[in-house]
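J.: For reference, TrEMBL lists these features for the protein:
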| type | residues | note |
| --- | --- | --- |
| DOMAIN | 9-299 | domain 'WDHD1 first WD40' |
| REPEAT | 9-41 | repeat 'WD' |
| REPEAT | 132-173 | repeat 'WD' |
| REPEAT | 233-267 | repeat 'WD' |
| REGION | 318-428 | region 'Disordered' |
| COMPBIAS | 318-327 | compositional bias 'Acidic residues' |
| DOMAIN | 422-706 | domain 'WDHD1/CFT4 second beta-propeller' |
| DOMAIN | 714-812 | domain 'WDHD1/CFT4 helical bundle' |
| REGION | 810-921 | region 'Disordered' |
| COMPBIAS | 815-826 | compositional bias 'Acidic residues' |
| COMPBIAS | 844-867 | compositional bias 'Polar residues' |
| DOMAIN | 921-965 | domain 'WD repeat and HMG-box DNA-binding protein 1 HMG-box' |
| TRANSMEM | 981-998 | transmembrane segment |
Amino acid sequence: MPCERKPMRYGHSEGHTEVCFDERGRFIVTCGNDGDVRIWEGLDDDDPKFITVGEKAYSLALKNGKLVTAGSNNTVQIHTFPDGEPDGILTRFTTNATHVTFNSSGSRVAAGSSDFMVKVVEVSDSSQQKTLRGHEAPVLSVTFDPKDDFLASSSCDGSVVVWNIEEQTQVISWPLLQKTNDVTNAKSLCRLAWQPRAGKFLAVPVDTKVHLYERGSWDHVSTLSDDLLTQPINVVTWSPCGRFLAAGSVGGSLTVWDANSKLCVERCKHEKGFTVCGLAWHPSGGQIAYTDTEGCLCLLDGLSTSASDAKDYDALFDDDDDDDDRLVDEGLSGANSPVKKREDEDEDDFLMPATGRVRNRGAFLDDENSLDTGSLKLGQDKFGDDDDDDNDTGSAIVPPSAAPPVPLRPVYEGPLPTHPQKAFQSGSTPAHLTHRFMMWNSVGIVRGYNDEQDNAVDVEFHDTAVHHAMHLTNSLGHTVADLSQEAVLLACPGTDELASKLQCLHFSSWDTNKEWMVDLPSGEDVRALCLGRGWAAVATSVQMLRLFSIGGVQREVFSLPGAAVCMAAHGEQLMIVYHRATGFDGEQALGVQLLQLGRRKRQIINGEPLPLTLRSHLTWLGFTAEGTPCYVDSDGVVRMLNRSLGNTWTPVCHTRETCKSKSDHYWVVGVHENPQQLRCIPCKGSRYPPTLPRPAVAILPFKLPLCQTSTEKGQMEEQFLRSVLFHHHYGFLSSSGYEVDEDGQTRSQKEQQELLMKMFALSCKLEREFRAVELAELMTHNVVPLAIRYASRSRRMALAQRLSELALEKSNQVQEEEEQDEEEPEYSVGKVGRANPFKLAGSTKPSAPSGQPRVTNILDNMTSSRKSAPLAGSAGKANKAPVLKPLAPRPKPRSKVPVSKKTPDSTEPPADQQKQPEVPPKTGFQLWLEENRKNIVADHPDMEETDVIKDAMGRFRTLSADERLVRTTFKFHQILNLPKLSVVIFSFISIINLAFWYSKTFH
């Protein structure tokens, strides 16, 4: 395999340098200590394109038009190739990343770091990460198994570890390297390499040799060595066909072995003897690019990896078996040993043909039930057998035309089913952790410890007035827990000997027996549980849901439509999420049920699909502090139930938008509607927080995903809709019979009306009058006159005219509602001890007294919320029945004084019905003076009455004509007996008509 060494080129500043080829071999890509990535169109390229990725660039990888780099800013960045445009950050570490690599398909990136961790990240969705922990020193290198099942890594702790990617566990660990405390002090970089395509061997550079480990058995099956190698090997890489292995050493030596014969087929020396730290094989197999620690780039050209050349080298050594024995591994020195023969036969099956063509897929099927003998025969006929090649090199390749056509087996290319999500307890961390949160909610925290020293459960309450902290011995092995203001509920899985148990610590009980336990039927395990007010619910592995009272009485049992995923409870509400079907293409098909377990049990949501973000799963389920159902998915989207829109789910927050890194997450612990707060724990580089030290709770704001929220219009629309959505709980609590914070409800309505008025003003400025009328329709009848005033002052007379008509309609509706309320003979029954247990602190409204005697007649508690009519108007009106609803007192229509009819015997009406002298109506100035007298007297306390009137007349003259007209118009209120709102509307209509007349007359 003669080759030619090209002249060296300066590429980067002095320091560690790496190199790779693009998939077509058109470009050579290097990175170095100067923080640049250079793209060379060839070794002769005098002006390579460069990309600056940071102060330093430690490693790079290229696949499918994506360039991934590990920089000195502790990040793994991604750029487009060859344009070099930034495409985001894949992941972050607490220190710098040391090595990055792609898997065979380019869908994943593995990165090792000096913080002892290895991360596997999905390129399409960087939030999908797997963290491999176990190294005790900085990571030197990582490499993927071609089948994407395993990942190998080397570390400064002296170990080489093989990981199972999906299970995130160590398969095997070999102590092969010399220990050191940092990558810069390491004797070798130990760049691992997995054989491409079949992936049968893992190449590990150990001192001056390369060990080959067999995939699956993980046995050390062979060693590649060379007598001329005196310095440790730094980096190894396989040829594209998987037959040859190249190695670069600290002393500058380059060596190529044939993996079949274990022979060295090429040697080369760095022209200056610098350490080789980067090595890459051209996709065609004819070139090797390498870099050194001085930042230089060089190329070996003329390498031949064809089958005939390889067999010529084999023939050179056929006559000298002793030399062969010297160059192979000591344990396999016998050329005719059974082990040697077995290796040769096995290796011939998976090696890539020398032509570089891909074999028929049927020859590589793993499932023996799927073997196609015709396909296997086709693969053998097409490429020949390696054993036969030793005798006849000309039969290595058969033209494709000579192969008989064999029909291929049908391949399913449709959507693949998704593995169903496992059941979990909302507010808990994974059960495999030795120290974990079993529950974190608004009541307290339940921690579980399961290590060599202790197996216990600690219960801590946020409010120590509820109960003191508890330390429980976890002798039964409880894995699931829930906490309320009444009890602690624990459950453990069953074993072959013991049944699954449910244990309740009812600390709020008034008797001395505060604990009860229930054994579930054989073969039935607890999957999820929750505590409501006075009851407990348990979902089991046989798709059953069992309801217990808080004292241990079995109340209900029914079947679920699918396997339970999670449950949550609040007061009398129970929410259940389960698998309603099999999902496809990464989707979870979940259903949700919402039950009301009060005196009248009913189902609010019956098996509706639970919407999730694309290719995500459920991570948290619960209720707000006010009792509104909500949940969070793995993409960080928080959704809340919108009761006013047919029980639909509205996204109210996206926690991922506030994360600084794609590997950061927020662990939700509670949601509040008033004030609007999302309480969560920030997790840097993970999805779950550690138990120690105690994590701090952060508060995130809510934001609805409306369009154009960067504009003023979009911001106000988002605030208005969010205010409406987050105050629906007032209606729900009121309809359920609980007291509500009337002050808070009034503030929320005022906030909504102010936002509507601001949007109305903005629409007027933008000359969107139709939109302004739409906004006015959402206003209350008390706010519409303000909109009319604003429109008239903005000289938008047509808009003001339409708004006045709308105001009259709203006032008529209000009067009709008042009349209907007065005509309905309804009563209100006094509430007996029904207080809102979920009302936030700060409400000063006293709760209704409890403890009414049971013998009290219910009619004694009936109270009329309608106030007594004035004495002057009660003489001629019949007494009407009291009203049921405890509405706020409204202004009653003015009662007319009845006129008694004269009888033939009476000549004069009674004294109390004689006509009283009429009082002249007050002028506009008199009305204004009555309203402002206090202010004038406060400004001038020593002023006499005549001076007060003079000062008031001066102030009244300074008023505008519109304001004086409004004051004068109020005289009609006494003459025509009109409601005050109608007078206001009439005033504005008069102003509008006056403005029309003024514009016609003078313009």
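Keep in mind that glycine also has a Cβ here, set from the backbone N, Cα and C atoms.
Unlike curated entries, TrEMBL annotations are predicted automatically.
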J.: When secondary structure is assigned with DSSP, how many helix, strand and coil residues does the repeat 'WD' (233-267) contain?
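T.: Breakdown, helix to coil: 0 helix, 23 strand, 12 coil.
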J.: Using DSSP, break the repeat 'WD' (9-41) down into helix, strand and coil residues and give each count.
T.: 0 helix, 16 strand, 17 coil
J.: Sort out the residues at least 6 away from either end of the repeat 'WD' (132-173), same chain, that have Cβ-Cβ distances under 8 Å to it, and list them.
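T.: Counting only partners 6 or more residues beyond its ends, the repeat 'WD' (132-173) has Cβ contacts under 8 Å with 95, 98-105, 108, 110-120, 179-183, 185-186, 189-199, 202, 204, 215, 218.
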J.: By DSSP assignment, list the helix, strand and coil residue numbers for the domain 'WD repeat and HMG-box DNA-binding protein 1 HMG-box' (921-965), in that order.
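T.: DSSP composition of the domain 'WD repeat and HMG-box DNA-binding protein 1 HMG-box' (921-965): 35 helix, 0 strand, 10 coil.
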